[in-house]
Structures are given as C-alpha cells and as structure tokens.
C-alpha cells in the first residue's frame with residue numbers, strides 16, 4: 001500500500017509542478033541569468049488537513065531538487081520542473 005501512495009503522490013506532484021506557472025519577478029529573473037547555480041531546492045507538500053493520512057513518514061522525508069543535469073547518486077528522476085522558460089529534471093531521494 002505504501003508504494004502505491006508514494007507513487008500517487010509523486011504523480012500528483014509532477015502534475016502540480018507542470019501546471020503551476022511561476023511568475024517571474026526581478027529577483028527570479030536575476031537568479032535565472034546566473035549560470036553558476038545548478039541545483040534548486042523544491043518544497044514538497046502532500047495534501048492538506050483532510051489528506052493528512054497521506055503524510056506518512058516515508059513521504060515527509062522525501063526531498064526533491066530541480067537539477068539542470070542528471071540526478072545524483074541515491075536520487076531518482078521523478079519528472080521535470082519548470083522555472084520561467086527553463087526546464088529542469090526533478091530528482092527526489
């Protein structure tokens with residue numbers, strides 16, 4: 001049952017990341033122009049108070065990053081994420 005819940009949460013997360021447009025502010029535009037930044041942290045939350053049963057320990061420990069290159073060791077590719085017009089690989093561990 002846990003793998004099914006985890007898989008469902010990851011699918012919903014990837015849909016949410018692709019569906020939510022990110023508005024560019026001046027600060028975000030400056031960040032995009034800096035080519036030195038490779039990795040960006042992503043905040044992941046599953047459900048709300050009604051869906052609190054989904055927040056099992058395995059889901060709360062999930063950490064995801066948007067990476068310009070491939071995933072690092074012990075990370076799995078879980079889709080893509082977008083910031084403005086740039087596409088990144090969504091890597092979770």
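Quick reminder: no glycine exception, Cβ is built from N, Cα and C everywhere.
Feature annotations, reproduced from Swiss-Prot:
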- 1-19: signal peptide (SIGNAL)
- 23-49: region 'Disordered' (REGION)
- 64-92: disulfide bond (DISULFID)
- 66-81: disulfide bond (DISULFID)
- 71-91: disulfide bond (DISULFID)
> Is any of the disulfide-bonded residues 66, 71, 81 within 10 Å of residue 92 (disulfide bond) (Cα-Cα), and if so, which, in sequence order?
Replying inline: 66, 71
> Near residue 71 (disulfide bond), which residues of its own chain have a C-beta under 8 A away, given they sit six or more steps off in sequence?
Replying inline: 77, 89, 91
>> Roughly how many Å lie between the Cα atoms of residue 81 (disulfide bond) and residue 64 (disulfide bond), rounded to a whole value?
In response: 10
